Protein chains: 2
Amino acid sequence: MTQSKSSNIVWHEGTVGRKHRELLNQHRGFTIWFTGLSGSGKSTLSVALEERLYQMGCRTYRLDGDNVRTGLNRDLAFSPEDRIENIRRIGEVAKLFRDAGLINLTAFISPYRQDRDMARNLSQRADNDFLEVFVDAPLDVCEQRDPKGLYKKARAGSIPNFTGISAPYEAPEYPEIHIRTDETSIEQGVDQIVAYLIEHGYIEAGLADTARAT
Amino acid sequence: MTQSKSSNIVWHEGTVGRKHRELLNQHRGFTIWFTGLSGSGKSTLSVALEERLYQMGCRTYRLDGDNVRTGLNRDLAFSPEDRIENIRRIGEVAKLFRDAGLINLTAFISPYRQDRDMARNLSQRADNDFLEVFVDAPLDVCEQRDPKGLYKKARAGSIPNFTGISAPYEAPEYPEIHIRTDETSIEQGVDQIVAYLIEHGYIEAGLADTARAT
């Protein structure tokens, strides 16, 4: 009836820690940090990946502009200092979520290498629990997609410091995963990430079979 | 083998939301906000409650000074504005954790009614998902316990604006749960909270039976 009855929980006295939560969830807690230009497909891909992981029984949580910029970071604007603080806080919250034993997905442009490295370096685990996914599409493709009409505004000069147009995007040099969304479908991108997670022991292959069978 | 195989997951296409995560966890996401003087027992009680909930198979995460003041809020000091911002961010992160479908415990003095109400009012659910636990012990009892030696320092004048000594503590007027830690044991306090959670439908009674049987 309840999961606790069927789970093989090894419990002794003491404070509940990350290991216990991971045991209960039957997978590790880690962060999948999506980075890429506006329109590159970060949001779409992370939503699709979360759906797949959910079907596999994984515990996930996704941080994006919708739930962060309107809440925790609503006091921040887009000045250089505020952009850094924005990513710093997201990095800290991501750390809390992986400590909570969840697979935490973040979908932010996060254009600066230094800021992403800061978020990565909050991790102190020997087994890497911070995976960077470079969601990559050429600027002209992103601009053509322009799902939020932001490139149009940026070209018209009404959005200053727009990444890719009037502000730089520093592509990851060594991302764990690199996805060209102009060459692959969302489905293929999800497959690629899931394959990486299985191959590197983040999730069990059996979970994927379950998801496909249902 | 995996939880997803035995769980009755109702899944259709669409973005994974709070309801789906709650379904997977087989309990609601909500916040248990502990408030009380230093030494009142917030930390001890929340740790013990988390252990019990874990034994019941619940997904939990506890926010306290250890994981918040050293990370997300390490840029904040103890000025009036920083104290408000400290509680605001904790309230926002608590909101994310309940959105993630977890039972989120917070253990902070949080002395001001207005700040606690701010955290409470971030909730927009018809079914109350923010429970305030007043961890109550007379000041002299807390001062006698003085687990961190803070009262001694405050009396000596080396900690300004110390709650209960040189700064006010505004006791909750209508907490969902009120625990007198000078009159009950930690075990009894946990029992009291769990009984409340079951009675008000936050968790299932069956989970508690499982925890006791194991």
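Cβ from N, Cα, C; glycine included.
Taken from TrEMBL, the feature active site, phosphoserine intermediate covers B:Ser110. Under a cutoff of 8 A between CB atoms, and with a sequence separation of 6+ in the same chain, the neighbours of B:Ser110 (active site, phosphoserine intermediate) are B:Trp33, B:Thr35, B:Ile87, B:Ile90, B:Arg116, B:Ala119.
The ATP binding site feature in TrEMBL is assigned to B:Gly36, B:Leu37, B:Ser38, B:Gly39, B:Ser40, B:Gly41, B:Lys42, B:Ser43. Reduced to three states, the DSSP call for B:Ser38 (ATP binding site) is coil. Cβ neighbour count for B:Ser38 (ATP binding site) (all protein chains, 10 Å cutoff from its Cβ): 23.
Per TrEMBL, domain 'APS kinase' is recorded for B:28-179.
The C-beta environment of B:Leu37 (ATP binding site), restricted to residues of the same chain at least 6 apart in sequence and closer than 8 Å, consists of B:Ile109, B:Ala137, B:Leu139, B:Cys142, B:Thr163, B:Gly164, B:Tyr169. Of the listed binding-site residues, namely B:Ser40, B:Ser43, the sparsest CB environment within 10 A is found at B:Ser43. Close to B:Gly36 (ATP binding site) in the fold, though at least 6 residues off in sequence, lie B:Lys42, B:Ile109, B:Phe134, B:Val135, B:Asp136, B:Ala137, B:Tyr169, B:Thr181, each with a CB less than 8 Å from its CB. Apart from B:Gly36, B:Leu37, B:Ser38, B:Gly39, B:Ser40, B:Gly41, B:Lys42, B:Ser43, the ATP site neighbourhood in this chain, defined by C-beta within 8 angstroms of the site C-beta centre, holds B:Ile109, B:Val135, B:Ala137, B:Cys142, B:Thr181.
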